[in-house]
Amino acid sequence: MIFELRVWKPFKHIDCPLCMAGTDVTFIARVDSTTLARKPTMKWLKGKWLDLASKAGKHMQFKETYDRNTKIYTYEMKIIKVVPGDAGGYRCEVTAKDKCDSTTFEISDILSAFKRCQLELLPFSLTDRRKKPEEEKPQIDVWELLKNAHPSEYEKIAFEYGITDLRGMLKRLKKMTVEPKHSEAFLKKLESCYSVEKGKKIVLTCEVVDPDVQVKWLKNGQEIKPSAKYIMEANGNIRTLTINKASLADDAAYECVVGEDKCFTEVFVKEPPVTITKLMDDYHVVVGERVEFEIEVSEEGAHVMWSVNILHKEKDTKYRFKKDGKKHTLIIQEATLEDIGMYHAWTNGGHTKGELEVEALRPDDIADLTVKATDQAVFKCEVSDDKVTGKWYKDGVEVLPSDRIKMTHIGRFHRLTIDNVKPEDAGDYTFVPDGYALSLSAKLNFLDPPKIHLDTTGNMVSQNTIIVVAGNKLRLDVEITGEPAPTVVWSKGDQPVTEATGRVRVESRKDLSCFVIEGAERDDEGNYTICVTNPAGEDKAVLFIKIVDVPDPPEHVKCTSVGEDCATVIWEPPKFDGGAPIKGYLMERKKKGSSRWTKLNFDVYESTTYEAKRMIEGVLYEMRVFAVNSIGLSPPSLSSKPFMPIAPTSEPTRLTVHDVTDSTCVLKWLAPEKIGAGGLDGYVIEYCKEGVYRHITLYIYSNINNNTEWVVANQDLCEKQGFTVRGLPVGEKINFRVVAVNIAGRSPPATLQQPVTIREIMEHPKIRLPRDLRTKYIRKVGEKINLTIPFQGKPRPVATWYKDGQPIDPKMVNVRNSNVDSILFIRSAEREHSGKYELVLQIENMEDRATIEIRIVEKPGPPARVKVTDVWGFNAALEWDPPTDDGNCEITGYTIQKADMKTKEWFTVYEHNRRTNCTASDLIMGNEYMFRVYSENLCGLSEEPRNSKETAVIAKTGLQYKPNPYKEKDMNCVPKFTQPLVDRSVVAGYSTAISCSVRGFPKPKIVWMKNKMIIGGDAKYLIQNNQGVLTLNIRKPSTFDGGKYSCLAVNELGQDEVECKLDVRGVRTEGGGTNGI
């Protein structure tokens, strides 16, 4: 039989061809190529993805012809002797460049369990005109077969004709045998049965006598409510029920009820054929090995038929069959030479096969080797045939011959020889014979002497010394190498450490030995030895573990001297430094009778003598000291004996000469270290000539002797820490001293060690150019420029400014010079102010120079020659030239904007684009665009853009919207109790309740039973159903209410039941008996 598919018009779905098993079938597709530029590509597919080109052979043949006159390609697919496994969905797909078209069709057996649609059969084909057309065989009705068949043949008929719900069909068959009664309400009843494919629409129609009568539609005895899925219509005497998108849940019995009369029908939903999603693989094994042929199908619980060489094997005891969800497996425990052949797996919608080859080869095993370094290793493998070749592999990588590695094949023996064995040669070696699905492996073990690898970083202060803080945990992981794995022994002195638990323990891991000390103590300090041994040798290492702790407190703290607001305290170092050097000390003090200690220093003080300051005169104090090492702070020492500070002010410090001229001398100093309780009023500065004693004093409180020639330089007290002495003779050597004065009197003087010669000192000119002016100085047009350049030199240097080698114009630039700096000022900067400015500093024939580069910048001009170079798809390419005026600085980028010619509104495409070209994307089809470009530098965007002379027109192209298909989720669910009933024991006369919970969709019907009898409308019982929580209330039960209570939930998909036992106890009476109430 031949089926023809024409492809020059859009494909239409081809109805299901009916094919008799054992006959040939041919499908023909024609493609009109008048509008195609090249030859189209044709694919014949089964299911969604199986390309039938891989199945070409005796069973499937493909042919292709071309007619040059009509330019029509003809494609043929011929299936020789159709078998049940060929049934299923097929697809014919043709593609040519950007065009694609396809059509789908199904092949079904003529003895199907459901009603099939037919194709028009052509009487003859071009290749088989001489043969007589076969007589068309009548279609077989499956219902008649089941009626007349013996019950033992039901399963055979179900598999042969693709029946998936045999039990349901037998139940319906039993109902169909009942003779229908004459109905007075219906003119025409429903058909006896309907058939529909899954996902399609079906319409049930009947005709009633009374056109105004109301009808009810029932599904499995439950009334159907109108919805989007179920549409009920009344048109005169015609009543219709439309079921949209039929699913397996719609496969049920339907009734149309008019009063007490009704008509009945059955709806059968046809399931899609079961296809094979994972094909069978070929096997090449040796005699005795296990073989597993595995496939996957599209549906769970599908029936799969296995065969070998087309002979049915499902009942052969040698074979074992396994089902796991969608996976089906054929298992041969021990393969023999008789098992060689082609194995097939069949479903009602697919077929796959795999070939099994069994070899009798069995080479001898390869022995493992253990060798030392530089030894020779030889692997030998003996095979059954001297013509068998093979390859050697190490850890899955092929071994290649080299100077050390040699491979030989002599007779039946294959040898692998490795000279001068190295550690990297250790591993798994495998010999794989060519053309055989087996391999033999052996291991090469390298005998390596043990080695200890100590990590000298971390806590190690020297090569083998480890410092541990007392109370901390020490975990020492030592890497151990060696083959075979060496034995590790730890010991402290001569005592081995063997405990695996406890405070001091040894933990063993792969390639590691861990020595652990929890909460280190001083007694743990000492030498520890680790010794590793194996048959290849021994290695040993010695470690010294040092335990460090905080030091003991300092001793003998006492005060040796006091001042007005200070005191000197000394102490002795602690007897034990904690195992770490003492870094210093921290001191605290408090008033006598107080409990609040005050810290005197936050930084560690190294000396054992400390002078405490800022104390209150006349107040008793106590002091204590802490010792500090690298571990921490010691406990405090014992407090010193109480002491009281009182003393005068000390002399000023660091008296120095700051500057000298021909008649003056500038002195500077620091405040005294010790200042009395009266504070500091000021300073007196005095001087005298070297070798001459002359005395002048202006203070009545001065107690200087009359025979000294010191002159007071200041009439009033100097409150600052600097003073200029004037009126000094030129060339004389003068001595200076400074005295601090307060209410308690004069302090000891601070005197210069050497006399000062009064003569001005020549100092070379030096320009101190600020750091920010050493690079290019950039300002915008209109900004103010004010540069201060400090310098030094004596006598006063002469400062001169130059611009680009020429003296500056005072009309453009203002300059002000002082003794210590020069100021360059420009009120409003212009671009002509840009250039190199040079400051020249001169003292007689000495000079110093400094150069400052000033650049005045402004916004750039627009780019030049903006043009559209190309337009394609939704894109447009732009190019332009840099602007002629860059604003006196580098162009940092460009901003590109676009505008639709209709709206003339501008939108930014790119910002900060550094190149002089770009591509504008995502343009709207059918619109015309113009573009403009801004230049950008340090000052910002150019004032005006440059517009493109050309515009970009985005042409319209054909587009077609293809929405994604919507798949409705199936919410149907079999009833299932999520909380069962619980046995209870109650007292008679007291009301009680039993509860459970159930879920299911459609909403299940609930039936309560006692001892398997349905509980009716008895007022004693109250039944409640709240969102699936079911409760049975029993009012004042008696002993007769005890028994087994059960709850049954039923819907169209199934049912579920739970039960419990209720025990009702009687009330004890005063006489000792019970009352059952």
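Just so it is clear, glycine is given a Cβ too, placed from its N, Cα and C backbone atoms.
What TrEMBL says about this protein:
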- 180-275: domain 'Ig-like' (DOMAIN)
- 363-430: domain 'Ig-like' (DOMAIN)
- 450-543: domain 'Ig-like' (DOMAIN)
- 553-649: domain 'Fibronectin type-III' (DOMAIN)
- 651-761: domain 'Fibronectin type-III' (DOMAIN)
- 765-853: domain 'Ig-like' (DOMAIN)
- 862-957: domain 'Fibronectin type-III' (DOMAIN)
- 975-1063: domain 'Ig-like' (DOMAIN)
Tally of residues which DSSP labels helix, strand or coil - the domain 'Fibronectin type-III' (553-649): 0 helix, 42 strand, 55 coil
Seg_contact(the domain 'Ig-like' (765-853), the domain 'Fibronectin type-III' (862-957)) with at least 3 CB pairs under 8 angstroms, min sep 6: yes
Region pair the domain 'Ig-like' (975-1063) / the domain 'Ig-like' (180-275), three or more CB pairs under 8 Å: yes
Residues in the domain 'Ig-like' (363-430) grouped by DSSP into helix, strand and remaining coil: 3 helix, 33 strand, 32 coil
DSSP residue counts for the domain 'Ig-like' (975-1063), split into helix, strand and coil: 3 helix, 58 strand, 28 coil
Secondary structure content, the domain 'Ig-like' (765-853) (per DSSP, counts of residues): 6 helix, 52 strand, 31 coil
The domain 'Fibronectin type-III' (862-957) - residue tally per DSSP class, helix then strand then coil: 0 helix, 52 strand, 44 coil
Per-residue pLDDT averaged over the domain 'Ig-like' (180-275), given as an integer: 86
